Amino acid sequence: MSGNTYGKLFTVTTAGESHGPALVAIVDGCPPGLELSLEDMQRDLDRRKPGTSRHTTQRQEDDVVEILSGVFEGKTTGCAIGLLIRNTDQKSKDYSAIKDLFRPAHADYTYHHKYGIRDYRGGGRSSARETAMRVAAGAIAKKYLATQGIQVRGYMSQLGPIEIPFKTWDSVEQNAFFSPDPDKVPALETYMDQLRRDQDSVGAKITVVAEGVMPGLGEPIFDRLDAELAHALMSINAVKGVEIGAGFASVSQRGTEHRDELTPEGFLSNNAGGILGGISSGQPIVAHLALKPTSSITTPGRSIDIDGNPVEVITKGRHDPCVGIRATPIAEAMMAIVLMDHLLRHRAQNAEVRVATPVLPQL
């Protein structure tokens, strides 16, 4: 069965290709009465859209979202919310020379073997263009979560060899890299300019944080909250790794260092990333995701054609030298969608659960 839908109670279904006429989404399960405007979604879409700096693809898409259903007089009705974003700046001729070739490290080869047919224009369905609808749907989830005191934010924590320490949220929206350290921005710009001259690409690491999440979200065993987050974040194009909390650094930690001790004043650390036993602990939920270097580069690479003959491939078109630069709002959206779904699932089963133990304050 095709995997175009995510969620159990809050579901998001997307459709559309990179060079098709439009992208569409159906968002179902949103409670009625939520105040929702185009601006609520457009704000995040503008953070993701291409062509916003010299360091991203120069494809010019306005990414203007249209609401087709599910909203009346500025409020959600409880019915399915239909969304549409029209593609306006396709240049399909850029891909005519490679329609019978497989671009290295792309989905061309695997889509061909799975379906026997593929839209070669910009990668078709496998293109990161699809994530625009995730961001629109995620904005709805973020709007509802905010009414519950939950905030989801992200930032770039590494670009290539440059590690970016967290300094302030105020810096994140003030530069094209979503860098939380303004002092790192000049180095990032210099690195990206050199990368473009080298006709190469690079990967990145994104950190996304949810604050205000109450204890109890997550459905053991198979739908543990961390498992669901890993699933959702790994579904983003180019993501090759996900960590929750300390992640792989846990390997070198001792138990006395890793365990998050509890006191009446709160947890003493957050190596678990806000999730214990697959259930939210009330601490900030922290996830990191690694994105591979962009596969579309102008440096020639070896491959084969559809008949199995060796060829040399030079990818033309307009591409991001680092897909991670625009990935922060996408990661935020997917975390918000997961939390929204699990909030509704928890409420459906455990709305009457009450315990005397106080909820510990967040760090």
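Using N, Cα and C of the backbone, Cβ positions are placed for all residues, glycine too.
Listed in Swiss-Prot:
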| type | residues | note |
| --- | --- | --- |
| BINDING | ARG48, ARG54 | NADP(+) binding site |
| BINDING | ARG125, SER126, SER127, ASN237, ALA238, GLY277, LYS292, PRO293, THR294, SER295, SER296, ARG318 | FMN binding site |
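Counting every protein chain shown, the Cβ of ARG48 (NADP(+) binding site) has 23 other Cβ atoms within 10 Å. For LYS292 (FMN binding site), applying a Cβ distance below 8 Å and a minimum sequence separation of six or more within one chain yields ALA105, GLY203, ALA238, VAL239, LYS240. The secondary structure of ARG125 (FMN binding site), as reduced to three states from DSSP, is helical. Of the binding-site residues SER127, THR294, THR294 has the largest number of other Cβ atoms within 10 Å of its own Cβ. For ARG48 (NADP(+) binding site), the nearest of the binding-site residues ARG125, SER127, THR294, SER296 in terms of C-alpha separation is SER127. Around SER296 (FMN binding site), taking its Cβ as the centre, 22 other Cβ atoms fall within 10 Å, counting all chains. Every protein chain considered, the tally of other Cβ atoms within 10 Å of the Cβ of ALA238 (FMN binding site) stands at 20.
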